[in-house]
């Protein structure tokens, strides 16, 4: 079982490197290829577009294959997409490479979660999914700084060549360590959409989107916030980014550790509440260096503490369409990144100081918590109504 979790964690590490590694090489990429930095920044959006487009397509048309074969196909797409990006010299080919790299992202998380739900004891699934997600958090802590170093010392192409080669190793681990099992719950194409008739998955999608949007409304502007509000120097940003990366790792670990004692719903709702409080503290107390570091750490820890319980809630409420539901969660996550960055930017467009980005951030996180509370209320009502419906008439 540990080898399966390790294999999936290696996969999410590679995805994390591909998704976020671009942020540390934009200047070198723009200079080398002869495009503007804003145009190079489009490569972030193309990856997100690949996630949004690829996840449902792969989820819908993969029902005839085993979960292991789907994983192998997804990792192969990672190799191809990152290799294309590495070898490209035109804007068009760079964009295509990023699109292909993003296609497998959402489906990989979904298939991985389904695999773990089938081989792990019910009470341990959330912890196992947290183990899978840990690869993404470690990528933020260690992988991305390594990629930035390679770009600065050699070339940005070395960063993405490393990602492509690493994913070949991931393919080998999937081939040897992941059991060849099928998702017998999958029905025909129409049946996979049946779960969307219930409000439950939509509330989880909303919680996922608003939760990520809340953190990203602030985190998208973390550098100017820390420099102009908290008073840190630019050289301190490397330490700060490693600190928040450590928060992501520890938040995910803590979520998995307590999953045996608390339900996924309780973990997610309480985490969103803590994030709301942390964001409000970042608004009011951002001028105090130590305080801003503490609550920045808490916000980023909370972001990844949400990942595993929300993934489990989606699987529980997507019967017959588990892969589509999990992929939809990744779409909601990426949509939240865009919504959050836009909402935070609105405060700056109005001419307000950088600490004001924490206000829409807190509001979005409160919306995430509210979505989860509404979900809990709906499930309680559903449970209360079931015995009544079961009684014979007359």
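From the backbone N, Cα and C atoms, a Cβ is placed for every residue, glycine too.
The topological domain 'Cytoplasmic' annotation in Swiss-Prot covers 1-4 (among others) and rests on sequence analysis. Away from its own ends, the topological domain 'Cytoplasmic' (1-4) comes close to residues 115-116, 119-120, 128, 173, 177-179 of its chain (Cβ-Cβ under 8 Å, at least six residues beyond either end).
Taking DSSP states H, G and I as helix and E and B as strand, the topological domain 'Periplasmic' (28-41) has 11 helix, 0 strand, 3 coil. Taken from Swiss-Prot, the feature topological domain 'Periplasmic' applies to 28-41 (among others), supported by sequence analysis.
Sequence annotations record features per position, and here Swiss-Prot assigns topological domain 'Cytoplasmic' to 64-69 (among others). In the predicted model, residues of the topological domain 'Cytoplasmic' (64-69) average a pLDDT of 87.
The feature topological domain 'Periplasmic' is assigned by Swiss-Prot to 90-93 (among others), with sequence analysis given as support.
Residues or ranges marked as topological domain 'Cytoplasmic' in Swiss-Prot (evidence: sequence analysis): 117-128 (among others).
Sequence annotations record features per position, and here Swiss-Prot assigns topological domain 'Periplasmic' to 152-155 (among others). Among residues of the same chain six or more beyond the topological domain 'Periplasmic' (152-155), those with a C-beta under 8 A of the stretch's C-beta atoms are 28, 32.
The feature topological domain 'Cytoplasmic' is assigned by Swiss-Prot to 179-198 (among others).
The topological domain 'Periplasmic' feature in Swiss-Prot is assigned to 222-235 (among others). Long-range neighbours of the topological domain 'Periplasmic' (222-235) within the same chain, counting only residues 6 or more positions beyond its ends whose Cβ lies under 8 Å from a Cβ of the stretch, are 241, 244, 282, 286-289, 292-293, 296, 353-355, 357.
Across the topological domain 'Cytoplasmic' (256-261), the DSSP tally of helix, strand and coil residues reads 5 helix, 0 strand, 1 coil. Per Swiss-Prot, topological domain 'Cytoplasmic' is recorded for 256-261 (among others).
The topological domain 'Periplasmic' feature in Swiss-Prot is assigned to 285-293 (among others); the stated evidence is sequence analysis.
Residues or ranges marked as topological domain 'Cytoplasmic' in Swiss-Prot: 317-322 (among others).
Under the heading topological domain 'Periplasmic', Swiss-Prot lists 343-351 (among others), citing sequence analysis as support.
According to Swiss-Prot, the feature topological domain 'Cytoplasmic' maps to 375-394 (among others).
Among the features that Swiss-Prot reports, transmembrane segment is placed at 5-27 (among others), with the record citing sequence analysis.
Here Swiss-Prot flags 42-63 (among others) as transmembrane segment.
Residues 11, 14-15, 18, 33, 43, 50, 58, 62, 96-104, 107-108, 111-112, 115, 157, 160-161, 163-164, 167-168, 170-171, 174-175, 178 of the same chain lie 6 or more positions beyond the ends of the transmembrane segment (70-89) yet place their CB under 8 Å from a CB of it. Per Swiss-Prot, the feature transmembrane segment maps to 70-89 (among others); the stated evidence is sequence analysis.
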Proximity verdict for the transmembrane segment (94-116) and the transmembrane segment (236-255), three or more C-beta pairs under 8 Å: no
Intrachain neighbours beyond the transmembrane segment (262-284), with Cβ under 8 angstroms and 6 or more residues off its ends: 126, 207, 211, 214-215, 218, 225, 255, 291-292, 295-296, 298-299, 302-303, 305-306, 308-310, 312-313, 316, 355-356, 358-359, 361-362, 365-366, 368-369, 372-373, 375-376, 379
Dominant neighbour of the transmembrane segment (5-27) in 42-63, 129-151, 156-178, 236-255, 294-316, by Cβ pairs under 8 Å: 129-151
Distant-in-sequence neighbours of the transmembrane segment (236-255), which means Cβ under 8 A and at least six residues beyond its ends: 126, 130, 133-134, 136-138, 140-142, 144-145, 219, 222-223, 226-227, 267, 271, 293, 296-309
Range from 129-151, 156-178, 294-316, 323-342, 352-374 with the greatest count of C-beta pairs under 8 A to the transmembrane segment (42-63): 323-342
